[in-house]
Amino acid sequence: MSPYALSMLMSSLAVGTIVTLSSHHWFLAWMGLEINTLAIIPLMTKMHHPRATESATKYFLTQATASALILFSTTINAWMTGEWTIMNMTNPTPTVILTLALAIKLGIAPFHLWLPDVLQGLNMLTCLILSTWQKLAPMALMMLTSHQLNTNLLIAMALMSTIIGGWGGLNQTQMRKIMAYSSIAHLGWMILVISFAPSLALLNLLIYLVLTSSMFLMLMTLNSTNTNKLSISWLKTPTLAASMMVTLMALGGLPPTSGFLPKWLILQEMTKQHLEALSALMAMSALLSLFFYIRLSYTISMTSPPNISNSSLTWRKKKNLTYVIPILIIMSATMMPITPTLLLLN
């Protein structure tokens with residue numbers, strides 16, 4: 001792809017998200033979401049492969065459906081209230097339609113089926129953009145309207161997302177599908193607490209962006225797309241393989257990594273809301289995700305493929321590691337000690 005075309009598409013992605021984040025009018029927010037969708041489709045199809053074309057088609061159809069539902073719900077709301085402002089969603093019917101539309105946009109269960117298939121057909125850079133940057137605009141709209149959304153519907157979708165995100169990733173060998181199910185599970189934790197404490201949902205989103213970005217950048221550096229390639233990564237770059245283990249533990253939510261922080265605070269908030277049974281179910285569903293993260297860590301550290309070469313050392317390619325990956329890895333592992341500061345900010 002031409003550098004000029006690539007820069008134009010990346011600029012359009014940034015503009016679409018910024019328009020949605022800074023808008024108070026539903027039509028402007030919808031327009032920003034449309035710019036986002038139209039800008040990422042050429043990035044999906046730049047590989048010129050039938051699987052990439054299939055992924056782009058699936059993504060376009062699901063996002064177009066969600067955008068139509070958003071426009072439909074906001075039109076009904078404007079007809080009933082006479083206003084197009086985002087903060088004024090008082091009628092239950094357009095509110096439920098908007099919640100379902102944003103769930104389709106984000107890939108929250110039970111509207112999650114498109115996400116693993118779409119990510120599997122893309123390259124790692126586009127997967128990174130789709131798993132991180134493309135979540136910002138819909139999540140911002142959900143946070144802005146969180147005090148008016150149906151709490152029971154959000155709790156039901158959150159529980160389904162964490163269970164399906166953990167269950168779906170158990171039998172996967174492709175890293176892109178594993179990261180897709182990881183995204184579904186993390187989104188479940190975010191929308192669980194979004195009605196009670198939007199600041200905790202924002203904290204969870206920020207930590208999710210750090211962990212997912214560091215994981216995809218390491219996979220791009222190691223050129224690992226499945227667990228078989230992942231098992232020889234420690235022979236090529238031992239330091240990066242060890243860092244990937246720490247990031248996987250953070251994604252699973254093990255202390256003292258950064259991933260434990262949002263889960264701990266969310267469970268604490270749910271207990272304050274007298275939802276002890278729901279907290280127990282969410283904690284047990286997190287064990288499903290933790291299982292395949294531990295399995296990946298075992299694959300990286302304790303397995304090696306059959307070596308038919310006479311040499312004892314594998315050829316190590318010189319990788320030009322950027323400064324971004326070490327910074328993200330450090331953030332993935334060391335944000336837990338600043339918990340008191342974050343609690344004061346909340």
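Even glycines carry a Cβ here, placed using N, Cα and C.
TrEMBL does not curate its annotations; it predicts them automatically.
The domain 'NADH:quinone oxidoreductase/Mrp antiporter transmembrane' annotation in TrEMBL covers 23-288.
Among the features that TrEMBL reports, transmembrane segment is placed at 26-44 (among others).
According to TrEMBL, the transmembrane segment annotation covers 56-76 (among others).
Among the features that TrEMBL reports, transmembrane segment is placed at 96-115 (among others). Counting residues 6+ beyond its ends, the transmembrane segment (96-115) has Cβ neighbours under 8 Å at 33, 58-59, 62-63, 65-67, 69-70, 72-74, 76-77, 89, 135, 138-139, 141-142, 145, 149-150, 153-154, 157-158, 160-161, 163-165, 180, 183-184, 187-188, 191 in the same chain.
As annotated by TrEMBL, transmembrane segment applies to 153-171 (among others).
TrEMBL lists 178-197 (among others) with the feature transmembrane segment.
Taken from TrEMBL, the feature transmembrane segment applies to 203-222 (among others).
As annotated by TrEMBL, transmembrane segment applies to 234-254 (among others).
Among the features that TrEMBL reports, transmembrane segment is placed at 274-294 (among others).
Per TrEMBL, domain 'NADH dehydrogenase subunit 2 C-terminal' is recorded for 290-342.
Here TrEMBL flags 321-345 (among others) as transmembrane segment.
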Ask   = Residues of the same chain, at least six outside the transmembrane segment (178-197), with any C-beta under 8 angstroms of its C-beta?
value = 103, 106-109, 112, 115-116, 118-120, 127, 131, 135, 139, 142-143, 146-147, 149, 151, 154-155, 157-162, 164-166, 168-169, 172, 204-205, 208, 212, 215-216, 251, 262-263, 266, 269-270, 273, 278, 282, 285-286, 289, 292-293, 296, 346
